[in-house]
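Report on one structure; see the data block that follows.
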Ligand SMILES: NC(=O)C1=CN([C@@H]2O[C@H](COP(=O)(O)OP(=O)(O)OC[C@H]3O[C@@H](n4cnc5c(N)ncnc54)[C@H](OP(=O)(O)O)[C@@H]3O)[C@@H](O)[C@H]2O)C=CC1
Ligand SMILES: O=C(CO)COP(=O)(O)O
């Protein structure tokens with residue numbers, strides 16, 4: 001009895017929820033995996049596969065799929081929330097209808113809400129009554145579900161306002177294939193994960209236009225500069241952007257064919273329309289909505305974000321991708337170290 005591992009609920013049986021359920025099941029945890037799709041529930045329970053989201057992967061018996069949210073949360077203290085950013089509020093509004101003990105919510109989504117400009121932990125804080133919210137932990141980093149489910153070596157960071165809770169989640173997920181670091185910078189970890197999707201869309205467009213590795217390296221490097229610039233203004237530690245949730249995730253998303261953001265960008269670069277691209281993906285492309293949020297944040301914080309701004313024009317104002325790229329290159333000359341000065345002066349102000 002004493003050796004029984006904690007049961008964990010994973011809410012959302014898309015690629016990431018299912019891959020993380022698999023990591024936890026490998027660690028011996030019985031998993032209550034909630035899906036709103038009846039057919040998918042049967043497929044996971046009867047055939048131990050999730051063909052739409054993780055084709056070819058056999059899921060451990062410890063993962064039980066459940067359609068009822070109430071049942072999935074029964075007796076649970078730790079909830080992994082793995083739905084797209086857009087679905088976070090409505091999912092939480094369903095969750096709080098039930099009789100629950102105080103929950104630790106581990107959110108694994110990568111986005112910022114347009115208009116409210118809230119990070120996901122702030123949205124959770126807003127939606128969850130204090131009596132049923134113990135802690136919020138974010139888990140983020142370079143981690144494509146497709147590779148995690150093959151048990152390929154992967155590293156991520158966890159953060160929380162309560163670092164004891166982050167350490168507990170580190171222990172919950174950590175194993176020989178999945179290495180988890182703690183990072184006390186909650187804002188930086190959330191911002192890094194959300195904003196890299198914008199740069200990945202741009203990198204995909206660049207590849208779709210037929211540009212090469214020079215352009216990709218430029219986007220990654222200057223993308224990191226603008227992520228760090230905005231993130232620091234929002235209160236993040238700039239060092240986080242040199243870590244897993246920063247450059248780590250930026251590299252993997254800009255260079256991997258697994259990335260939905262890169263793939264969507266690639267189709268846009270080849271001339272397809274945004275709505276057609278999103279229809280054909282069948283999975284969430286977080287970077288589109290986050291571009292809108294980051295564009296608004298750049299205005300709010302008076303922060304230069306040329307890649308984000310040009311991507312916004314491509315996505316929402318129908319500016320041709322090739323012309324947009326030319327505009328990006330033709331901006332006024334500048335000094336590469338300008339960012340460093342901006343970031344350092346921001347840090348001085350925060351001291
Ligand atoms: N895939 C990856 O490798 C990684 C993804 N992430 C992040 O994880 C989050 C989830 O992504 P991912 O799993 O890949 O996305 P997918 O598109 O693969 O799956 C989304 C899941 O959320 C469900 N869902 C969608 N809308 C709603 C809704 N309104 N209410 C309830 N459930 C809903 C879907 O259900 P249904 O099938 O019924 O539509 C599906 O189970 C994103 O923020 C992403 O950035 C982070 C790291 C890695
Ligand atoms: O965040 C991810 C990898 O770390 C997944 O990126 P995509 O959403 O672009 O597939």
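Just so you know, glycine gets a Cβ as well, placed from its N, Cα and C.
All chains included, 34 other C-beta atoms sit within 10 angstroms of the C-beta of residue 196 (active site, proton acceptor). If you look up TrEMBL, you'll see 196 marked as active site, proton acceptor.
Feature annotation from TrEMBL assigns NAD(+) binding site to 12, 13, 14, 15, 16, 17, 145, 260. Sequence-distant contacts of residue 16 (NAD(+) binding site), defined as residues of its own chain at least six apart whose C-beta falls under 8 angstroms from its C-beta, comprise 82, 108, 145.
Positions annotated as NADPH binding site by TrEMBL: 15, 16, 36, 53, 110, 145, 260, 284, 286. A simple way to gauge crowding: the CB of residue 36 (NADPH binding site) has 15 other CB atoms within 10 angstroms, across all the protein chains here. In the three-state DSSP scheme, residue 36 (NADPH binding site) is classed as coil.
Taken from TrEMBL, the feature sn-glycerol 3-phosphate binding site covers 110, 141, 143, 196, 249, 259, 260, 261. The secondary structure of residue 196 (active site, proton acceptor), as reduced to three states from DSSP, is helical.
Under the heading substrate binding site, TrEMBL lists 110, 260, 261. All protein chains considered, the CB of residue 261 (sn-glycerol 3-phosphate binding site) has 27 other CB atoms within 10 Å.
Annotation source TrEMBL lists domain 'Glycerol-3-phosphate dehydrogenase NAD-dependent N-terminal' at 8-166.
Per TrEMBL, the feature domain 'Glycerol-3-phosphate dehydrogenase NAD-dependent C-terminal' maps to 185-322.
Binding of substrate is attributed in the record to 110, 260, 261, and the widest Cα separation among these residues amounts to 12 Å. Here residue 261 (sn-glycerol 3-phosphate binding site) is compared against the binding-site residues 12, 14, 17, and the shortest C-alpha distance is to 14. Residue counts for the domain 'Glycerol-3-phosphate dehydrogenase NAD-dependent C-terminal' (185-322) under DSSP (helix as H, G, I; strand as E, B; rest coil) come to 107 helix, 0 strand, 31 coil. Listed in sequence order, the recorded positions among 141, 196, 249, 261 whose CB lies under 6 angstroms from an atom of ligand 1 come out as none at all.
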